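> Here you go, one structure.
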Amino acid sequence: MSDYKNTLNLPETGFPMRGDLAKREPGMLQRWYEQDLYGMIRTAKKGKKSFILHDGPPYANGSIHIGHSVNKILKDIIIKSKGMSGFDSPYIPGWDCHGLPIELKVEQLYGKPGEKLTAAEFRIKCREYAAEQVEGQKKDFIRLGVLGDWDRPYLTMDFKTEANIIRALGKIISNGHLLKGAKPVHWCTDCRSSLAEAEVEYYDKTSPSIDVAFHAVDAAAVATKFGVTRFNGPVSLVIWTTTPWTLPANRAISLHPEFAYQLVQVEGQCLILAAELVESVMKRAGITHWEVLGSCKGADLELMRFEHPFMGFDVPAIMGEHVTLDAGTGAVHTAGGHGPDDFVISQKYGLEIANPVGPNGCYLTGTHPLLDGKFVFKANDLIVDLLREKDALLHVEKLVHSYPCCWRHKTPIIFRATPQWFISMDQKGLRKQSLEEIKGVQWIPEWGQARIETMVANRPDWCISRQRTWGVPMSLFVHKDTEQLHPRSVELMEEVAKRVEQDGIQAWWDLDAADILGADAADYVKVPDTLDVWFDSGSTHSSVVDVRPEFNGHGADMYLEGSDQHRGWFMSSLMISTAMKGKAPYKEVLTHGFTVDGQGRKMSKSIGNTISPQDVMNKLGGDILRLWVASTDYTGEIAVSDEILKRSADSYRRIRNTARFLLANLNGFEPSTDCVAPEEMVVLDRWAVGRALAAQQDIEKAYANYDFHEVVQRLMQFCSVEMGSFYLDIIKDRQYTAKSDSVARRSCQTALFHIAEALVRWMAPIMSFTADEIWAFLPGKRAQYVFTEEWYDGLFGLAEGEGMNDSFWAELLKVRGEVNKVLEQARADKRLGGSLEAAVTLYADSELAERLNSLQDELRFVLLTSGARVAPLADAPADAQAAELVKGLKIAFSTAEGEKCPRCWHYTTDIGLVAEHADLCGRCVVNVAGDGEKRKFA
């Protein structure tokens, strides 16, 4: 028997079967950098329509975590897919570099400013530390395969950006949105600074829950409001609070004007309570006997006076719509210095806004002899004892409730009225305008719109001033006596900005006011406050996007961050852009969920369920991480575990194997000379190219809609079902056994070439490393990198009018599936070896039979059997198996007649008819020694 191996077109490629990504990817990154791949993309896309995804800056502190990876990979997928879609989409990564976390790290290393280092030296150390952190994070982001201008990122501590942040505030001032006031703000006693809403987290805290009696100054006068003239003991208005430490600042008691209140006689005293809450108050106070003496509306008690239990003065009853009946007594202890609602109602009544608490959370001297110098939370028990001593404590118990805490220290914070600078929400209609702007933005997912609308509608004025060392200075001058802003503030801020642009923020602290104020310097002082870091990042639409030349003044199309940024970066950016320019800074806002483990639990070092992106890349490679991100519905929680990543690795292998099959069978194919014209191609090959066209249309749409999990699903379906389970199986015989330069083989290679050209582009935004690797093995002249290209435009499909159209092949795919079931069962029963040992008879109704017969002798190649014939359904024997998914079809098989051809492995009766090739079948003789077999359909 002759060895016919050399007459076969066996697959061959240098493209490795194993990805070995963890080892191979770093070398690819090095090549991308050395050859300036990002610059090549910019050159290739120059002049195209712009799409700008503006990078929300991560904080320059610590290593990146899995959530960072999700964020950056999603951005990179969008940027690359937009490039494939014909957009010029530059990506400028950024970092948030000022603020408290960096200060705290530098304090740990060098001490607080003014101790071992001057404030100026401290800022230098902060700048150096932030720069180190940026470099560390940058390496990890690059390792993810994210392409961007990594050599020229934007940093909020860049001198020019710092200057532009000052200019942004100047514009807001000129538009009339800045105000100064002593308002209660979130205050961290550890930071000794105010906090933004986005810097507040909520944790469970145990607090004393107390009911406190404020005795009426004129009990008889108050009782008459209830129509009561006879009562026993003092008359007291009862408040409920979980913050006893705020009682020294109490200046009023708020009642709802429309609620019904009752005067309730208990043993030895009368209590005023909301009618609906009497029973619940009595129950928790352990009072079993009481009598309702009379009722009145809250409005009837307005300005009645009640004695403060321990401060030695009396306070009025005032009316407030913020009072509810959800809990408590229906009377709200009101301290304007310790709560936003209290502040508003106190201002309305012209009450003192008392603030007896210092920056460190301790009572100021002169507050109360027992409390002076005490830390507020430690004073709670002292105040409870004081109330008990004054016979003003009706009830006390411990309550576990959700309480605001500092995002950095995780410690409880307080509301504290301090002189601060605010962006006013209503002074010049900023709230109303922002709500209008929200409507013009596309929110992905849609629920994001309602979420941010609620936040904007209910948010207080934005406190933008901070009492910190490492931050952009507000750069304001105020009059020594009136504390009013200098009338030329905006002009002066531009002078400061010019200096900061040259020398950084230290220029402000080095500035002698006389240098720019002249004679006015005697009457004005520099404001020492720095800006909230959310102002830094929130103004990057102006300080970065508007000034970077590669953006061409286009403005941002998209912001993309985690869902916590509705109250963070999305909010601050919207406020600043609307205050500056009267419009939103973005056209689309996409949010993703947080990462959780396989059981849906939050990632936590204490639980031990964290997954490090660095570990994943070192073990599995960046493309596995990228494929996992793309495979997930990012709009909800994003689950990750070793098992989930293993599934992503399995999916990756299926896609890689498909690509390798394509490349291996393009061996010896030169597109410029070997491509077969569509009209001359085998019908099945044209169908395969048409399936690629349909897949590409779906994939392009999914990319455009940011449905990346749909991209992956469609990619997997194409590779596994349409290609792997059908087309690639069928063509092996023709590809391997046909004459190497025959139309039958070149038609197949033409299809594989078109499919590979499309597939590598579909993969590129997600599996970037592997796409680059595939690109290098594709035949024909081409650009150096797939990332400079657009979606492949060489695909074509079957004409709908053709008899063998898409519907025909879809039906045939089902028929083949039914045949496979029958043959697989026979193999399981040991009645059959390989499918080529079988000859199949398809008993079909007349319409199906006509379609199947149109394939003539080539039906057997589609079914991967040595024989196939079609017979009338009525002739089906009893043992023929009815198809489950194809109507009018029964299947039977028998062992194929003849001998096995050693070259094509088909069983046939025509072996040995040609003496020179006595062991070959007639078909193989034609392919080895003749003109090659002709294929028309498959």
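Even glycines carry a Cβ here, placed using N, Cα and C.
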> Need the matching range: Swiss-Prot marks motif ''HIGH' region' on one of 14-24, 58-68, 410-420, 498-508, and I'd like to know which.
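Going through 14-24, 58-68, 410-420, 498-508 one by one, Swiss-Prot flags 58-68 as motif ''HIGH' region'.
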> Helix, strand, coil: count each for the residues of the motif ''HIGH' region' (58-68), based on DSSP.
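Reading the DSSP string over the motif ''HIGH' region' (58-68) gives 3 helix, 1 strand, 7 coil.
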> Enumerate the residues of the same chain, Cys901, Cys904, Cys921, Cys924 excluded, that satisfy the criterion Cβ within 8 A of the mean position of the Cβ atoms of the recorded Zn(2+) site; list them in sequence order.
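Checked against the 8 Å cutoff, the neighbours are Thr737, Pro902, Arg903, Trp905, His906, Thr908, Ile911, Leu920, Gly922, Arg923, Val925.
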> Measuring CB to CB from Cys921 (Zn(2+) binding site), give everything in the same chain under 8 Å that is also at least six residues away in sequence.
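Set apart from Cys921 (Zn(2+) binding site) by at least 6 residues yet with Cβ under 8 Å, we have Cys901, Arg903, Cys904, His906, Thr908, Asp910, Ile911.
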> State the non-local partners of the motif ''KMSKS' region' (602-606) in its own chain: residues 6+ outside its ends, Cβ under 8 Å from one of its Cβ atoms.
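Apart from its flanks, the motif ''KMSKS' region' (602-606) reaches 65-67, 594-596.
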> Tell me whether Glu561 (L-isoleucyl-5'-AMP binding site) sits in a helix, a strand or coil according to DSSP.
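Assignment for Glu561 (L-isoleucyl-5'-AMP binding site) reads strand.
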> So how many other Cβ atoms are close to Glu561 (L-isoleucyl-5'-AMP binding site), meaning within 10 Å of its Cβ?
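Its Cβ has 21 other Cβ atoms within 10 Å.
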> Provide the number of Cβ atoms within 10 Å of the Cβ of Cys901 (Zn(2+) binding site), excluding the reference atom itself.
23
> Work out the three-state DSSP category of Lys605 (ATP binding site).
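SS state of Lys605 (ATP binding site) = coil.
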> Tell me the Cα distance separating Cys924 (Zn(2+) binding site) from Lys605 (ATP binding site), rounded to the nearest angstrom.
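Roughly 65 Å, rounded to the nearest whole number.
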> Report the same-chain neighbours of Cys924 (Zn(2+) binding site): residues 6+ apart in sequence with Cβ closer than 8 Å to its Cβ, ordered by sequence.
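Non-local contacts for Cys924 (Zn(2+) binding site): Tyr4, Thr737, Cys901, Arg903, Cys904, His917.
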